[in-house]
Amino acid sequence: MESISEIESVIEEPLLSKQSSNAKGGFRTLPFIIANEAFERLASLGLMPNMILYLTREYGMQTAGATNFLLLWSAASNFTPFIGAVLADSYVGRYSMIAFGSVASLLGMVLLWLTTLIPLSKPLCNQFTDSCDNSPPTIHLLILHSSFALMSIGAGGIRSSSLAFGVDQLSKSDRDPGIQESYFSCYYAAVSMASLIGLTVVVYIQDYMGWTVGFGIPVILMLIATVSFFLASPFYVMAEVKRNMLSGIAQVLVASYKNRFLQLSHENEDGTYHLEKGSDLLMPTEKLRFLNKACIIRNPLQDLTPEGRASKPWNLCTVDQVEDLKALVKVVPIWSTGIMMGVNMSQGSFLVLEASSMDRHITSNFEIPAGSFISFMIVSLVLWVIIYDRILVPVVSKIRGYPTRLGAKQKIGIGLLTSCAAIASLAIVESIRRKIATEEGYSDEAEAVVKMSALWLLPRQILNGLAEGSSVIGQNEFFLTELPPSMSSLASTLNGLGSSVASLVASFILSVVERVSGIGGHESWVSSNINKGHYDYYYSLICALSFLNYIYFLYCSKSYGPCKDRRK
């Protein structure tokens, strides 16, 4: 309850007030950081849905080529945050990374917008026949590729460091688990709402007002986000990069191998272990003990300089370096449990296929577009975040008489189980839909619309929103809490890295199912004819794998032990 009241009290504090002009960080800086990523997501996602039309109609690309182009852009935009996180934590710092990403994103969007204003920047095509006077010259493709490359690089800069940079702004007294959790909730609610607006409003503007206005809106939004971020620069806490994370990890691995024949001591007698100046760690933990050999001092006169530093960093590391690597290794099993949930979330294209074969009318004159069903998941996510943070937590805390919140691992577990229920509901709905299609004689008509409301797909979307709102926030809370501050940017991108891996796993599962189920001339479960295939079997398989993944999570969670904020 206290954390909620503290968050709410910030609303009364003027942003960038003169009274606290000498102070750095605090809640007043968070709106600028959150808005920067929210506007970047709104702008980039607003460009994605109709981009296939722009490339085929304005650039004369073939559908397959344009699709592969956009897939590469999406893959790059999901992977660059990981690279950005490593660079931020090891070299340039989070502020510099976000600043660079903001400028790069803005330049990329401006360059893409200019292709709608300058005739010479794109080939002349007939949008009705999809034919061009000639194939796009090299200069045209260079401008196009440069714009997308800049946007991917910008996404890597902003998304890699924004969440962790916000945590940097909180003072030690503000880093109460409840306040930090509220920050995470507000962060994801804002980003999700921005995504929803991008996928609906911006796309609508492109459809009805043309490419120039439709691409100009993201430019304006990104310009506002960039300018507002820089305006608050004097008030940010800019944590310095204390050591190179990459070289630190490599040094521990090399030193532990070189010292593999040394005997380990259970106590730090006579300065056995190399301690970092000012560190609270007096000796390494017992888990992954073989790494402890990296910080054993064999000969103080030879191994240490007069200042107390390692004379050969590749032969001797500090206890802090060893524990940092251990922390990263320890979170990997729990991180891997989120991959299967990402596989569940990646079934969106099949959802559109099902929705298009069902009755999507709300009234006789209004029909929900098949591609808009993803909006229900985003709305569900935002509502869950608000209900949990503003209603459930205060009510339960008042009943129990002390602040009560779900732990990070509890949130992850709830999200995984809810995701399993979501895919199970989809399997049931698809089984009923296919049965109705067969009874109505539509087995050979893949595009036929059956007499079944598409609203039956909403339980899956609502449950997915709850799962996303619980698990993703829980994962980021877990990673940022368990990993050292020097790895905060990396911690905030681990969930995105899991999503990238999940896409590859989903593609592998789909390929195996298609090949195995089609053996012997049988119709594949994932046939292009949805009425002949057995997507219900495919979803049931995903559901079974998800449940096994949940059991795996329980084992990983028990093996991990208590989280830092739970240790007494």
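Cβ atoms here come from the backbone N, Cα and C positions, even for glycine.
Caution: TrEMBL annotation is automatic and unverified by curators.
Annotation source TrEMBL lists transmembrane segment at 69-88 (among others).
Beyond the transmembrane segment (95-118), the same-chain residues lying 6 or more positions past its ends with a Cβ under 8 Å from any Cβ of the stretch are 33, 36, 40, 43-44, 47, 58, 84, 87-88, 143-144, 146-162, 165, 210-212, 215-216, 218-219, 222-223, 225-226, 229-230, 233, 236, 238, 489. Here TrEMBL flags 95-118 (among others) as transmembrane segment.
The list of residues near the transmembrane segment (138-165) in space but at least 6 beyond its ends in sequence, with Cβ under 8 angstroms from a Cβ of it, reads 33-34, 36-37, 40, 44, 47, 59, 69, 73, 76-77, 79-85, 87-88, 94-95, 97-109, 111-112, 114-115, 121-123, 184, 187, 236, 476, 480, 488-489, 491-493, 496. The annotation transmembrane segment is assigned in TrEMBL to 138-165 (among others).
Remote same-chain partners of the transmembrane segment (186-205), defined as residues 6 or more beyond its termini with a Cβ less than 8 Å from a stretch Cβ, comprise 7, 30, 34-35, 37-39, 41-47, 49-50, 163, 166, 213-214, 217-218, 372, 374-375, 378-379, 381-382, 385-386, 469, 472-473. The transmembrane segment annotation in TrEMBL covers 186-205 (among others).
Counting same-chain residues at least six beyond the ends of the transmembrane segment (211-237), those with a Cβ under 8 angstroms from any Cβ of the stretch are 16, 21, 23-26, 28-29, 32-33, 35-36, 38-40, 42-44, 46-47, 50, 54, 58, 95, 98-99, 102-103, 105-106, 109-110, 112-113, 116-117, 165, 168-169, 202, 205. Residues or ranges marked as transmembrane segment by TrEMBL: 211-237 (among others).
Remote same-chain partners of the transmembrane segment (368-387), defined as residues 6 or more beyond its termini with a Cβ less than 8 Å from a stretch Cβ, comprise 49, 185, 188-189, 192-193, 195-196, 199-200, 348, 351-352, 355-356, 360-362, 454, 457-458, 461-466, 468-470, 473. Positions annotated as transmembrane segment by TrEMBL: 368-387 (among others).
What TrEMBL lists as transmembrane segment is 412-429 (among others).
As annotated by TrEMBL, transmembrane segment applies to 497-517 (among others). Non-local neighbours of the transmembrane segment (497-517) in the same chain are 75, 78-79, 82, 335-336, 338-343, 345-347, 475, 524-526, 534, 537-538, 541-542, 545; each lies 6+ residues outside the stretch with a CB under 8 Å from one of its CB atoms.
Outside the transmembrane segment (537-557) by six or more residues, the chain places 333-334, 336-337, 340-341, 343-344, 347, 409, 412-413, 416-417, 419-420, 423-424, 426-427, 430, 509, 513, 517, 525-526 with a CB less than 8 A from a CB of the stretch. For 537-557 (among others), the entry in TrEMBL reads transmembrane segment.
Here the transmembrane segment (412-429) has Cβ contacts under 8 Å with residues 334, 337-338, 340-341, 344-345, 347, 351, 354, 406, 456-457, 459-461, 463-464, 466-472, 474-475, 478, 536, 539-540, 542-543, 546-547, 549-550, 553-554, 557 of the same chain, all six or more residues outside its ends.
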